[in-house]
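Q: Mind having a look at this structure? Questions to follow.
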Amino acid sequence: MQDIIKQAAKDIFSAKKAVALTGAGISVESGIPPFRGKGGIWEKFDPMTFGHIDTFEKNPAQVWKILIKDLKEIIDQAKPNDGHKGLAVLEKMGILKTIITQNVDGLHQMAGNTDVIEFHGNCAWQRCMDCGRKIKTAEVDISVMPPRCQCSGILRPDWVFFGESIPMASLHRSQQIASACDLMLVIGTSAIVQPAAYMPVIAKENGAKIIEINPEATPLTGKISAYLVKGKAGQVMNEILKEMEQLI
Ligand SMILES: [Zn+2]
């Protein structure tokens with residue numbers, strides 16, 4: 001284990017244009033439940049009903065009450081953990097340029113990363129369906145359902161509902177960045193859902209080294225990634241950063 005931490009520290013330290021691809025696993029230590037998988041939000045609610053734009057448009061109050069209100073409470077209280085903070089340190093060191101994330105919690109920005117591509121938008125902000133104004137989720141008054149903008153338009157999460165497409169601009173930019181990076185850290189995701197799944201493949205095809213930080217092996221392990229650093233994101237990041245201090 002120590003050898004692999006040393007190796008990761010060395011590889012990250014020598015990278016010039018590193019990118020991180022992150023998923024639900026990095027936010028678990030911040031108390032954010034994953035959407036997919038065991039114990040996930042979509043185990044309790046059918047995504048094709050409550051996560052679908054058609055349902056929201058037909059009955060926004062119901063989707064707010066059942067799904068978004070609880071998420072708001074969780075996200076209002078969530079703070080970046082050592083995994084997020086470690087990535088912010090790597091940006092300050094000039095190593096990490098961009099984070100591509102599948103998460104909607106906004107914790108990377110809160111940790112201090114300045115270039116974050118959110119494939120699925122985020123739930124840290126709400127958007128007025130009429131005038132487009134954006135309001136921080138923490139500042140939304142939920143005493144009336146559905147919550148409304150000053151213009152009386154309905155507020156919706158600034159995320160991508162099922163039935164909506166991922167913004168093309170995010171997709172294009174991610175592909176460009178993945179193809180131009182020299183190192184990709186895949187953290188807290190098994191990267192099986194498109195379009196995120198394609199990013200490590202693009203990076204590898206263009207000569208980048210892929211390092212995985214995950215609690216378990218994934219379909220990338222041994223095929224796309226050079227190696228897996230097994231463990232929780234926060235703990236592993238701390239160990240890698242400590243090791244990197246020796247290299248400075
Ligand atoms: Zn409005």
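Even glycines carry a Cβ here, placed using N, Cα and C.
Automatic, uncurated: that is what TrEMBL annotation is.
The active site, proton acceptor annotation in TrEMBL covers H120. Look at TrEMBL and you will find C128, C131, C149, C151 tagged as Zn(2+) binding site. What TrEMBL records for 1-248 is domain 'Deacetylase sirtuin-type'.
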Q: Using DSSP reduced to three states, classify C128 (Zn(2+) binding site) as helix, strand or coil.
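A: For C128 (Zn(2+) binding site) - judged by DSSP and reduced to three states - the answer is strand.
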Q: In DSSP terms, helix, strand or coil for C149 (Zn(2+) binding site)?
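A: Where C149 (Zn(2+) binding site) sits, the three-state DSSP reduction gives coil.
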Q: Enter the number of other CB atoms within 10 angstroms of the CB of C149 (Zn(2+) binding site).
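A: Its Cβ has 19 other Cβ atoms within 10 Å.
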Q: What does the structure give for the C-alpha distance between C128 (Zn(2+) binding site) and H120 (active site, proton acceptor)? Integer Å is fine.
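A: So the Cα of H120 (active site, proton acceptor) lies 17 Å away from that of C128 (Zn(2+) binding site).
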Q: Is any of H120, C128, C149 (recorded positions) within Cβ reach of ligand 1, i.e. under 6 A, and which?
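A: Only C128, C149 meet the Cβ criterion.
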Q: Just to confirm: which same-chain residues, 6+ apart in sequence, have a Cβ under 8 Å from the Cβ of C131 (Zn(2+) binding site)?
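A: Expected: C149, C151, G153.
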Q: Just name the most isolated of the recorded positions H120, C128, C151, going by other Cβ atoms within 10 Å of its Cβ.
A: C151
Q: Within 8 Å of the Cβ centre of C128, C131, C149, C151, which other residues of the chain have their Cβ, at the recorded Zn(2+) site?
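A: In sequence order, the nearby non-listed residues are M129, D130, G132, R133, R148, Q150, S152, G153, L155.
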